[in-house]
Amino acid sequence: MFPMVTGFLNYGQQTIRAARYIGQSFIITLSHTNRLPITIQYPYEKSITSERFRGRIHFEFDKCIACEVCVRVCPIDLPVVDWRFEKDIKKKQLLNYSIDFGVCIFCGNCVEYCPTNCLSMTEEYELSTYDRHELNYNQIALGRLPISIIGDYTIQTVRNSTQIKIYKDKSLDSRTITN
């Protein structure tokens, strides 16, 4: 008879413990109801990146001296620097500079070790394409600064479809050549 009583006591203790755990989790759930939502509705709202965010690389053609330090410090030897030696001025002249962002790991070594500061990291992170060859940026595409977040229509939530129609005619892609 005693084992049966102790079984009922154990069952009662387990029931009380389960009810207490459910109550504690319900209190935690209720404490979160007064908070603002943290989730960002991505296509319509963009998060503002931090100051030291490592996004797409910006390149200034006029500052580059074709020293190839960026190629030497890159862990995957990614930047392609084409240059020729000018005998009359006894200096290298840069012909072409390109980076393939499909391979780049965004480590920032090229930016950190560049002696002339012709490379810098931008806050642009939307580099997705359907063709991987579009991620190979030459000096013209690298020289364009990204669209400013302040003037970007996607920072606010789009409330109706008329706002989308306004910007559909304009090309907002930073890789296309604009005149």
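Backbone N, Cα and C atoms are what each Cβ position is placed from, and that goes for glycine too.
Under the heading domain '4Fe-4S ferredoxin-type', TrEMBL lists 55-84 (among others). Mean model confidence of the domain '4Fe-4S ferredoxin-type' (55-84) amounts to 93 (pLDDT, 0 to 100 scale).
Annotation comment: TrEMBL describes C64, C67, C70, C114 as [4Fe-4S] cluster 1 binding site. Taken residue by residue with DSSP, C114 ([4Fe-4S] cluster 1 binding site) is part of neither helix nor strand, so it is coil. Counting only residues at least six positions away in the same chain, the Cβ atoms of V69, C70 sit under 8 Å from the Cβ of C114 ([4Fe-4S] cluster 1 binding site).
Taken from TrEMBL, the feature [4Fe-4S] cluster 2 binding site covers C74, C104, C107, C110. In the three-state DSSP reading, C104 ([4Fe-4S] cluster 2 binding site) counts as coil. Sequence-distant neighbours of C104 ([4Fe-4S] cluster 2 binding site) (same chain, six or more apart, CB under 8 Å from its CB) are I57, I76, L78, listed in sequence order.
Feature annotation from TrEMBL assigns domain '4Fe-4S ferredoxin-type' to 95-124 (among others). Long-range neighbours of the domain '4Fe-4S ferredoxin-type' (95-124) within the same chain, counting only residues 6 or more positions beyond its ends whose Cβ lies under 8 Å from a Cβ of the stretch, are 49, 53-65, 67, 69-70, 73-76, 78-84, 132, 135-139, 142, 145-146, 149, 174.
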Helix, strand and coil residues within the domain '4Fe-4S ferredoxin-type' (55-84) as assigned by DSSP: 8 helix, 8 strand, 14 coil
[4Fe-4S] cluster 2 site, defined by C74, C104, C107, C110: further same-chain residues with Cβ within 8 Å of the Cβ centre: I57, C70, V73, P75, I76, L78, P79, I99, I105, F106, G108, N109
Candidate with the highest Cβ count within 10 Å, taken from the binding-site residues C70, C74, C107: C70
